[in-house]
């Protein structure tokens with residue numbers, strides 16, 4: 001998820017596809033996010049000669065084994081810090097990290113291309129869930145010849161332990177920015193997004209300049225492990241929520257989540273869904289603690305017969321959402337800034353129908369630190 005200029009709002013004081021456990025392919029000391037199973041129940045030494053000799057080996061697991069077991073992570077010292085790491089590497093002196101993998105996340109019918117990019121930072125650029133990395137693409141800034149490109153910010157889509165569970169990688173969820181000429185309808189490569197295309201085109205072993213981590217707005221409050229977290233994402237805005245949910249449901253960490261996590265994800269169509277296998281698995285394994293609602297604007301209709309946007313899905317459950325907010329739930333919004341006006345209008349309308357004043361309610365939510373927004 002990219003946000004070149006993040007506008008951050010200051011915050012003062014369950015579904016289908018049957019995820020049968022097919023086989024889980026493990027590639028060289030890292031678990032692909034497509035795995036349909038958690039792997040902690042297996043005692044394999046991934047660094048063993050067998051693993052290194054073969055590019056991949058296949059692990060079969062029983063449904064019973066995989067259902068609730070959580071993955072062991074290291075180093076557990078990453079749990080100890082009282083404050084989040086901030087701006088360890090600055091734009092003038094970035095860290096040179098290495099691309100581990102680039103994988104297309106979306107199906108053939110998705111408009112545009114979204115990639116999952118794993119970056120090896122060697123444990124030198126630690127971060128917490130909900131933070132962002134800056135990326136400086138190679139080349140010079142066309143507006144300032146001789147100077148490097150400006151930093152582009154991307155929300156991190158992994159937990160602090162990364163997709164390999166060893167604290168050495170971070171994952172980004174990046175949509176390739178392309179420009180189509182409105183007259184010819186053809187793509188104009190000269191206007192493509194410099195950084196998103198650099199990342200999506202990169203190959204394992206390529207170097208990438210990163211800064212950060214930055215951001216405190218979207219940090220997951222862990223003071224109450226039984227809290228409710230309502231997460232509203234459009235597109236690559238799902239990145240921080242993937243990190244939250246892996247921390248809550250996948251990893252064996254000191255944070256023992258016993259509350260409710262409710263994800264609303266808005267995308268164009270089924271082929272555009274991001275990390276759907278992971279989310280569907282949590283739904284199956286933790287039905288009392290996870291809810292997952294998708295809004296597919298090109299495939300579903302809202303109650304008025306129009307396109308189903310994420311705010312329409314929230315409106316369907318507005319009584320529950322408002323009740324949870326009144327009980328202290330945290331609500332998070334992440335995605336393109338164009339998502340917020342429609343959502344705010346819907347919440348305002350719902351509040352008025354309930355005889356509440358939305359502006360007063362919103363200022364109370366902000367005051368209580370329940371309202372978290374990061375849009376770009």
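All positions are counted from 1 along the displayed chain.
Backbone N, Cα and C atoms are what each Cβ position is placed from, and that goes for glycine too.
TrEMBL annotations:
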- 155, 175, 236, 297, 298, 307, 335, 336, 374: NADP(+) binding site (BINDING)
- 92-220: domain 'FAD-binding FR-type' (DOMAIN)
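Neighbour density around each Cβ, counted as other Cβ atoms within 10 Å, peaks among the binding-site residues 155, 236 at 155. Cβ contacts within 10 Å of residue 335 (NADP(+) binding site), excluding its own Cβ and spanning all protein chains shown: 27. If you draw a 10 Å sphere around the CB of residue 298 (NADP(+) binding site), it holds 14 other CB atoms from the protein chains shown. Taking the domain 'FAD-binding FR-type' (92-220) as a whole, pLDDT averages 95 in the prediction.
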